[in-house]
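J.: Once you've had a glance at the structure underneath, I'll fire off some questions.
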Amino acid sequence: MFISKAKYFFQLILSLTFGICGVFAFSPYDFWPLSIISITGLLIIILSNITWKQIIWNTLFWGIGFFSVGLHWIYIGIDQFIPTHKNMNFFLIAFLIIYLTCYSVLFSIILVTLRLFITQWSFLSITAATLWLIIDRLRGNEFIGFPWLQFGYSQISGPIRGIGPLLGVEGITFCLVLISSLLALSIRTVQPSPYYISLIILACLYPLSWIQWYQVQPQRMTTIALVQGNINQHLYWNTENIQKTLKIYLQHTLPLLGKVKIIIWPESAIPGNELAHNELLVSLDYQLRKHHTYLITGIIDSRLINNSYYHHYNSIIVLGNTHDPYKYPSSNRYDKHHLVLCSERFPLQCLFEPVFRFFNIPIAFMKSGPYIQSQLNVYPIKMTASICYEIILGNQIRDNFKLDSDFLLTLANDVWFGCSIGPWQHLQIARMRALELGRPILFCTNNGVTAIINADGSIQSQLSQFISTTLITNISPTTGFTPYAQFGSWWLLIISILICIFIIYIQKNQLFKIFTFFKKNK
């Protein structure tokens, strides 16, 4: 009895360890083989257990290890900038971790159930990869919609990164789980065949990274400056510090007028609402047009509705357009669509907002911009824009992406997460978007990591964190459509589900036997 309990406890610790080691496959560590080890370890453990209790608890420990270490930076943001009790902060992050872990538990329960009648290891491997893909879709789209820490991102510098332009990050994740499940079954059944097949798959996928799906346009090379203000978030919205904040950005910007084509400031670089800074924006726009330089900046836009209340938008605007001088509200803008839960939007917001408005309670609810928006025009450059968290939403970025897009643009403010791994994971996700769509990304943040990302996902240049400085570089736009940009990854999901249905169909005799057995022993 003691040996049995000790073995069970050891399994739980092992599951926790496998979950934790998966985090080190992501940035800033970037040791990509650990993703395979983490998934393989989970599969070996759940396929080795015979009771539902063991399967559920081991998966829980794996998920807690993976998500608590991988997402601990969220607690930093909550603890430093949201005025709630520490116990409440801990409860919020614990709830998020358990919620995300439930998706891993769902995967394990369904996979072990299917294993009862899917007897061939090749069928089980495909089923595991398809099931993981479906669960990842659910985690990324349902309820709070949080697709962070998808294992495909860990391969941005790995040997199967070439799948990115074909099938996106989901395709990479699918192949990772397929390879991991083959390794797990090889170890579990002591058969060499699955192991050899996993090596063959890896060898076949590696040459895909040699294909260049885009064409560089060196004749259109542009000089771009990304300004990293490094503004203290505690002082950001303090009215006494607004002029100081603007002074920092202007000190970096004014000497560059006429020397660079495009200057970029980060998310909400200009404190306060757009209309309140109209005089500054008009004056700055005049100076920019005079020197033939563009400025792209983040700003909060407060629009008066029916002369009674305001709609607030997290926006990006463009100044310096010689074809169209700035005038509020300018059409050359982007309004953030996907708002962050408990920061920019709140649960049941549609119910509470009219109540707060009726009692004149000063709560600044943010509004979403349209899902599909026009590109930013920085003549003759066109950019597909996103703000902060939105860069993780691959489908939204792809749906807004156009064939004539020259660059992808992301403005962010990761000061919330201090010197944690969060900003590095954010940058890694942006690198994957560049690889998927074959376009360079201009990634400008308040305190880092500000970077220029090439169309193949590699980093051309970047700034150190926590300093106020400017990144100036020459970069060429690219053209061309990757297969992922044209078709997305839906067809992978559909084909995988059809294969699984076929597998279940040809295994129907085994399914019937199991059903009969349970019916007799009911």
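Cβ coordinates come from backbone N, Cα and C, glycine included.
Per Swiss-Prot, the features are:
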TRANSMEM  8-28  transmembrane segment
TRANSMEM  31-51  transmembrane segment
TRANSMEM  55-75  transmembrane segment
TRANSMEM  90-110  transmembrane segment
TRANSMEM  116-136  transmembrane segment
TRANSMEM  163-183  transmembrane segment
TRANSMEM  194-214  transmembrane segment
DOMAIN    227-477  domain 'CN hydrolase'
ACT_SITE  Glu267  active site, proton acceptor
ACT_SITE  Lys336  active site
ACT_SITE  Cys388  active site, nucleophile
TRANSMEM  486-506  transmembrane segment
J.: Under an 8 Å Cβ to Cβ limit, what residues of the same chain, 6 or more beyond the ends of the transmembrane segment (31-51), are close to it?
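T.: Same-chain contacts beyond the flanks: 11, 14-15, 17-19, 21-22, 24-25, 58-59, 62, 66, 104, 108, 111-112, 115, 128, 151, 154-155, 157-159, 176-177, 179-181, 183-185, 187-188.
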J.: Note down the number of other Cβ atoms within 10 Å of the Cβ of the residue listed as 'active site', including every protein chain shown.
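T.: A count of 25.
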J.: Return the count of C-beta atoms lying within 10 angstroms of the C-beta of Cys388 (active site, nucleophile), excluding that atom itself.
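T.: Cys388 (active site, nucleophile) is surrounded by 24 other Cβ atoms within 10 Å.
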J.: Which whole number is the mean pLDDT over the domain 'CN hydrolase' (227-477)?
T.: 89
J.: Look up Lys336 (active site) in the DSSP assignment and report helix, strand or coil.
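T.: Where Lys336 (active site) sits, the three-state DSSP reduction gives coil.
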J.: Distance between the residue listed as 'active site' and the residue listed as 'active site, nucleophile' at the Cα atoms, whole Å?
T.: 9
J.: Cβ under 8 Å to the transmembrane segment (116-136), counting only same-chain residues 6 or more beyond its ends: which ones?
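T.: 43, 103-104, 106-107, 110, 147, 150, 170, 173-175, 177-178, 181-182, 185, 189, 191, 193-194, 197, 492-493, 496-497, 499-500, 503-504, 507, 510-511, 513-514.
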J.: What residues in the same chain, six or more past the boundaries of the transmembrane segment (486-506), come closer than 8 Å to it by Cβ-Cβ distance?
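T.: Residues 114, 117-118, 123, 126-127, 129-131, 133-134, 137, 167-168, 170-171, 174, 395, 398.
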J.: Show which residues of the chain containing Glu267 (active site, proton acceptor), separated from it by at least 6 in sequence, have their CB under 8 Å from its CB.
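T.: Once residues fewer than 6 apart are set aside, Glu267 (active site, proton acceptor) is near Gly298, Asn314, Ile387, Cys388, Leu411, Ala412, Asn413, Thr445, Asn446.
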J.: Please state whether DSSP places Glu267 (active site, proton acceptor) in a helix, a strand or coil.
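T.: The three-state answer is coil.
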J.: Taking DSSP three-state, what's the residue listed as 'active site, nucleophile' in: helix, strand or coil?
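T.: Its secondary structure by DSSP: helix.
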